[in-house]
Amino acid sequence: MYDSRGVALHSELIHRWNHAFSILSIVAFPKKRLLFAGSQDSKILVFDLPTYNLIHTIRLGESQEETHTRSSVLCLTGSEDENFLFSGGADSLVRIWSIGEKTIRDDFLPVTEIATVYSVTDIGDIFSLAYLDSLETIVFGCQNASLLYVENLIQKIEKKSSDGVENINKLPHRRYDKFFDSLGPTGYSSNSLSQTSLTSLQENCGAAIIEVPSENIIKYAHYGFIYSINKLCPRFNQLLEKSSRTSGAEHIISSAGDGISKLWEFSKDKGQNTVKISLINDKIDNEDSVISQTIEFPFLYCGLTDGIIKIWDLNTQQIISTLKTKHESDVISISVYMDHVFAIDESGITHFYQNQVNHWNPQQGKILSSEIFSKSNAGSVSLLTGGSDGSLTLWDITSLLSAVPLSSNSPINASSTLQTTNLWAAYQSASLNNEEMLNTLRELISFQTVSQSKDTTNTLSLRRCAIYLQQLFLKFGATNSQLFPLPDGGNPVVFAYFQGNGKVSQVKGAKKKRILWYGHYDVISSGNTFNWNTDPFTLTCENGYLKGRGVSDNKGPLVSAIHSVAYLFQQGELVNDVVFLVEGSEEIGSASLKQVCEKYHDIIGKDIDWILLSNSTWVDQEHPCLNYGLRGVINAQIKVWSDKPDGHSGLNGGVYDEPMVNLVKIVSKLQNEQNEIMIPNFYSPLKDLTEEEYQRFQKITELANIDENTTVQDLITNWTKPSLSMTTVKFSGPGNITVIPKSVTMGISIRLVPEQSVEQVKRDLKAYLEESFKQLKSQNHLEIKVLNEAEGWLGDPTNHAYQILKDEITTAWDVEPLLVREGGSISCLRMLERIFDAPAVQIPCGQSTDNGHLANENLRIKNWSNLTEILSKVFNRL
């Protein structure tokens with residue numbers, strides 16, 4: 001079945017296997033093209049993917065003939081090289097098998113049980129497993145809320161493979177139990193469960209019997225059954241603060257019935273051949289039992305009761321989205337691939353992607369397990385599900401992932417390996433050539449970082465972009481890079497620090513400076529893509545221009561700055577310290593940036609000397625510019641509403657005060673017939689334009705290729721005078737011309753100049769409107785709401801930084817830059833100056849035709865590469 005876009009609504013069934021008992025756990029070995037399914041009747045079924053045949057059955061715990069459920073296989077996992085299979089279950093044992101290579105001729109698969117791991121304490125059922133390959137450590141979570149682990153497992157197996165007789169009677173099945181092993185009515189006791197079979201196992205297989213050391217048992221690791229354990233990519237270590245990093249450490253996340261998801265670190269104990277465990281974080285509280293979980297880094301997906309799925313950012317430990325299935329039942333299993341979420345509950349499979357929710361029932365009774373994987377080199381992705389009716393079904397979900405590029409070069413196993421593209425590459429050299437920079441920009445543009453959108457897809461994309469930038473800084477050699485979480489749970493701020501390593505000038509009194517580069521990774525929505533000539537989120541290089549959403553505002557200039565600094569640093573030529581502050585909420589007003597800067601002030605730097613940014617364009621297509629002034633803004637909504645419902649002009653017209661009439665009357669008092677703004681004290685702080693500034697504006701009208709009708713007075717009005725615009729009107733009701741709406745809302749946008757106080761104008765505006773409304777003596781109600789605001793900014797175009805930039809721009813373009821101001825606003829600029837007590841300098845990059853917030857956003861490559869060259873000089877000269 002397909003939707004109106006031709007995208008499949010659910011997957012196609014590839015194959016179905018049937019078994020007499022429930023399928024409780026599954027794991028795929030894509031490279032060996034094998035599937036393993038753990039069953040309720042103490043078996044592990046092994047299937048060959050190319051032929052779909054059952055080629056082997058592993059029987060656990062009892063004789064080869066007897067069917068029983070005492071060793072039900074509740075969880076399975078494998079090593080990354082697929083040479084080892086691990087199982088845990090109802091018998092409190094972890095079993096380990098060596099998996100050989102299947103012979104092509106007769107489908108023979110060498111499977112050898114090489115070890116059994118047990119605990120001397122009663123741990124109950126084993127619900128979850130993870131194998132940490134680099135540490136050869138198996139970790140498992142249990143019914144009694146304990147977390148257990150055995151390190152150096154392969155070494156211990158090799159050492160103890162012929163020694164197990166003294167330990168075999170300590171296994172849970174061999175211990176005397178006062179209840180189960182008591183004398184019955186006959187007065188005789190029967191043989192202990194599995195006594196014969198375990199002896200047979202010991203004699204025939206030579207499997208090692210390994211006891212979990214008591215010091216490796218974390219009692220009450222949770223306060224509930226530990227249902228899930230997932231391991232993190234070893235390079236997750238890079239995301240920790242430098243002081244907290246442990247070389248060679250591995251990490252897991254455990255989740256349990258207590259609702260807490262805990263981050264644990266496993267690391268080699270220095271000087272000893274042991275592994276120690278540390279609890280790193282226990283702040284992720286789902287406030288409900290976690291039945292299942294999976295990781296698609298950097299996100300943790302927790303399946304809860306009542307069909308709830310919570311998505312957490314592991315970097316900031318913040319919840320970023322919540323999904324809900326239509327059927328309010330436990331999310332028994334969850335699988336994720338490239339933001340496609342497959343949630344399993346008793347009603348079937350629910351697929352979430354881009355605000356689309358599709359559901360289908362595979363008719364498997366109650367589905368108990370799931371996994372996403374791909375056949376090696378097949379280029380297709382499959383979903384495997386196991387049901388209570390004994391069925392194991394394989395679904396082709398490639399059509400569901402039609403918007404996602406699939407790679408056939410590497411197998412996918414979403415439960416055991418992390419889906420990360422080139423995110424975790426090691427140290428990378430930085431270059432100032434366009435090809436290297438294009439690779440970085442191409443990655444950045446591919447992230448759909450629309451901060452105005454609250455849908456899950458954009459939210460995840462914004463977080464992925466932040467992680468990408470953090471890793472990019474680290475790969476380029478940044479001394480420190482981390483994400484600063486926003487207090488409201490919004491998009492994190494990316495921080496990076498490059499410590500100057502070049503020689504400081506020998507001039508007397510010269511010292512190293514600390515420069516802050518501000519940028520943002522969020523973008524405006526692309527709108528209707530039919531208005532674009534190219535895909536807005538795929539970088540296109542055409543006719544000397546970069547095209548895509550964000551190339552000009554602000555990802556293109558950001559890449560120029562990053563590569564400039566990284567190149568100097570890697571060459572050992574970065575004279576000054578440079579810090580980057582890159583936010584993800586600029587397009588929605590930078591609401592929490594101030595709190596972040598104040599909280600992390602000491603990390604960012606107490607002694608910032610200069611603030612640089614490139615967040616605007618030239619005034620034309622030909623003349624480079626330096627910007628030294630921006631207007632401020634107050635965007636507000638004025639709402640008038642009635643207690644009465646929508647009315648009819650024929651029945652109710654003239655009977656009572658109408659909200660629309662009230663609103664028109666009060667907003668009409670905001671300006672007089674000469675378009676002067678009537679808010680009290682509005683013009684009082686304004687200063688006259690200096691002769692020097694007038695001459696600058698005169699020069700712009702003479703040199704710049706702008707509208708020939710534009711006068712100096714037009715520039716003065718747009719750049720240095722305040723204004724008030726009435727921008728939107730919304731009302732209740734159907735919009736018919738005869739309907740009197742019960743509520744009406746008007747949007748206004750007030751542009752301020754640097755001399756004006758935003759707080760004072762807000763107070764005066766509110767008081768003026770309230771007094772005007774009071775004079776109407778209306779029975780209706782008034783509400784004034786400020787949506788966002790920004791202070792005006794005025795730099796000093798004669799200071800040291802502007803002079804250096806003027807020199808370098810002149811060298812790069814063979815023409816002096818125009819000194820300009822703008823009528824627009826950057827909400828955080830004045831705030832950054834005030835918090836860090838440093839002057840800001842605005843360096844426009846693109847041309848006036850960049851279409852920053854419009855369709856077909858573009859940036860001339862020459863402008864982009866020249867900015868990079870300019871910055872590589874400026875960062876050292878300041």
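Glycine residues also receive a Cβ, built from the backbone N, Cα and C atoms like all the rest.
With a threshold of 8 Å between CB atoms, the same-chain residues lying at least 6 positions outside the repeat 'WD 1' (18-57) that come near it are 67-78, 82, 85, 87, 89, 99, 101-102, 107-109, 111, 365, 368-371, 373-376, 384-392, 394, 411-413, 415-416. Here Swiss-Prot flags 18-57 as repeat 'WD 1'.
Residues of the repeat 'WD 2' (68-107) grouped by DSSP class, helix first, strand second and coil last, total 0 helix, 18 strand, 22 coil. Annotation source Swiss-Prot lists repeat 'WD 2' at 68-107.
Summarising the environment of H520 (Zn(2+) 2 binding site), the number of other Cβ atoms within 10 Å of its Cβ, over all protein chains shown, is 28. Look at Swiss-Prot and you will find H520, D553 tagged as Zn(2+) 2 binding site, backed by similarity to another entry.
Long-range neighbours of D522 (active site) (same chain, six or more residues apart, CB within less than 8 Å of its CB): T449, V450, S451, L462, N491, E583, G584, S585, E586, E587, I588. Here Swiss-Prot flags D522 as active site, drawing on similarity to another entry.
Within the same chain, residues at least six positions away from D553 (Zn(2+) 2 binding site) with a Cβ under 8 Å of its Cβ are V523, I524, N615, D850, G852, H853, E857. The DSSP secondary structure for D553 (Zn(2+) 2 binding site) is coil. According to Swiss-Prot, the Zn(2+) 1 binding site annotation covers D553, E587, H853.
Cβ contacts within 10 Å of E586 (active site, proton acceptor), excluding its own Cβ and spanning all protein chains shown: 23. Among the features that Swiss-Prot reports, active site, proton acceptor is placed at E586.
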Neighbour tally for H853 (Zn(2+) 1 binding site), based on other Cβ positions within 10 Å of its Cβ: 14
The repeat 'WD 1' (18-57), counted residue by residue under DSSP: helix, strand, coil: 0 helix, 25 strand, 15 coil
Cβ-centroid neighbours of Zn(2+) 1 site D553, E587, H853, 8 Å, sequence order: V523, I524, N554, E586, G852
Assigned element (helix, strand, coil) containing H520 (Zn(2+) 2 binding site), judged by DSSP: strand
E587 (Zn(2+) 1 binding site), number of other Cβ atoms within 10 Å: 20
